[in-house]
Amino acid sequence: MENNKAAANNKRRGFARHQREDMIGKIYTYLCVLMLIVVIVSIVYFVASKGLATFITDGVSPFEFLFGTHWSPDGTNPSFGALPFIAGSFVVSMLAALIAGPLSICAALFMTEIVPGKGKRILQPVIELLSGIPSVVYGFIGLTVLVPFISTVSGGNTLGYGVAAGALVLSVMILPTITSIAADALASLPRGMREASYALGATRWQTIYRVILPTLAPSLWTGIILGIARAFGEALAVQMVIGNAPFLPKSLLTSASTLTSVITLNMTNTSTGSVQNNVLWSMALMLLFMTFVFIIIVRLLQRRNKL
Amino acid sequence: MNAKTADKIATGVIIFFAIVIVAILGGLLGFILVRGLSHISWDFLTSPSQNFKAGGGIGPQLFNSLFLLVLTMIITVPLGLGGGIYMAEYAKENKITGFIRLVVEVLSSFPSIVVGLFGLLLFVNTFKLGYSLLAGAIALAIFNLPLMVRITEQSFRAVPREQKEAGLALGLSKWKIITSILLPVALPSLITGTILAAGRVFGEAAALLFTSGMTTPPLDFTDWNPLNPRSPINPLRSAETLAVHIWKVNSEGRIPDAKDVSAGASAVLVIMVLIFNLIARWFGRFVYRKITASKQVN
């Protein structure tokens, strides 16, 4: 009788400890996740409330902001046309993807199709190192090597700053992003698909071009979109080489600006609460908005990817 | 065109592009190291920077970068671990989990400058921390959190099912299984991932421009009281990191030897990132061998 009671007691205590441990674990992990949600909600809320103040409090017309080509925030008759920066951001990131996309896909093909095994052992560390180099270092190299080089190539007519320099620097920066996604996609392809194609007598290139690339198109596009997203949000490296002139980019070699470069340069030079400052927050809001757009595109692509 | 010829040309092109990529990396590293190493000396690494004259060093900046990294990891690791454990062990496959996954994905795609701006608005201005190490560390932690969550989730998911089932069969609580069975097995890849994430934090600049600031007060390296304004470990002082310094000397162009200073600082940054990579690989293997008593690394 006594024994039974003690055992029951023990059992109850054991059960309680068991539950207590689980409780601690649950509370801890749930709090961490809650934290993540709080962070993201507050980022969106704070940036949006500042960014919308330009239009609500300061009365700048959203139409002028999005489509106006004239940027002169100071003076008696200021105008806040941010189109040159929006266009600059799009142009450099698209160009960067245009350069980096084919290169990255070739690198991924090299790793998985041309020299499987050994190719991966060579290129994988290269890609990891490229993604590890800090963006200011890319900017510095762009500034000291690429910009003078472009200037010389153009016959000394330009200083070398501009869209071309920005796009080239960005293309190297997004190369690892696209390559690793493309390589993962290639590695996940069922072996049978390749073998079926070879069995039909197709050459390696025919297999790549007719079977592998079409099958993996959604994944490859995912990589390219994520690359563009990264280029779109990159600030310092671009700012160092693009020249920072507030005009619509007319050619590859003329100085231009992006949303990020304008924010970087002017945020500390304008006083908090002024319209000149708020309009920079509107640009940050634009960056946030584009992040969401890129993610939606990626999600749509993934939905198509159910083989 | 003959199919065989096309195949040869395409193979050639792909191999050529692969060589181009290796050459780009070789060129980048070669340039930074050749240009930068000649400028690196003990004096350069320890002496304070100059604002207008040539001959300044990067001592305080180097210290700031390392100290900020430590502060950031102190905030990121516990939060990221919790989030990752939730995703790997607690999350059920439902709408809420899908939403949290989306949150992590969105957070990891936010441009770092936007995270910096958020830090400026909330911590620097609203909470009145001013440009400070603490504000910088929080911003970097936010920037690094999604990566940490993903690393933790992957490390925990990679643990063999049987290990967990054995724990359940012994009647252990779920949390006990997580902390004493899954965590030790997941630890090597957790450590590797964390060190790689630390390397990324080390080179980050855009999120720090508006949070930890672009200046460093004169530091007194004999004063280790964290409450004194001149103490290097005061978390409320402003601090310019190495990466921010490179950006600043190039965009302001006030010191005559800006190119040399940034070449030296870039070399230090890149060498640090290389060291982080090597340590990550080596340490992961070391811990794995220590705690699992296995000779082979898979």
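Backbone N, Cα and C define each Cβ position, glycine as well.
According to TrEMBL, the protein carries these features:
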type: TRANSMEM; residues: B:12-34; note: transmembrane segment
type: DOMAIN; residues: B:62-280; note: domain 'ABC transmembrane type-1'
type: TRANSMEM; residues: B:66-87; note: transmembrane segment
type: TRANSMEM; residues: B:99-123; note: transmembrane segment
type: TRANSMEM; residues: B:129-147; note: transmembrane segment
type: TRANSMEM; residues: B:181-202; note: transmembrane segment
type: TRANSMEM; residues: B:261-280; note: transmembrane segment
Recorded stretches the transmembrane segment (B:12-34) and the transmembrane segment (B:261-280) touching, at least 3 CB pairs under 8 Å: yes
Contact between the transmembrane segment (B:66-87) and the transmembrane segment (B:261-280) (3 or more Cβ pairs under 8 Å, separation 6+): no
Distal contacts, the transmembrane segment (B:129-147) - CB-CB under 8 A, six or more residues away: 64, 67-68, 71-72, 74-76, 79-80, 83, 104-105, 107-108, 110, 112, 115-116, 118-120, 123, 193, 197, 200-201, 204, 207-208, 210-215, 234-239, 241
Close approaches to the transmembrane segment (B:181-202) from elsewhere in its chain (Cβ under 8 angstroms; 6 or more beyond its ends): 65, 68-69, 72-73, 76-77, 81, 89, 140, 143-144, 147-148, 151-152, 154-156, 158-160, 163-164, 166-167, 172, 242-243, 269, 272-273, 276-277, 279-281, 283-285, 287-288, 291-292
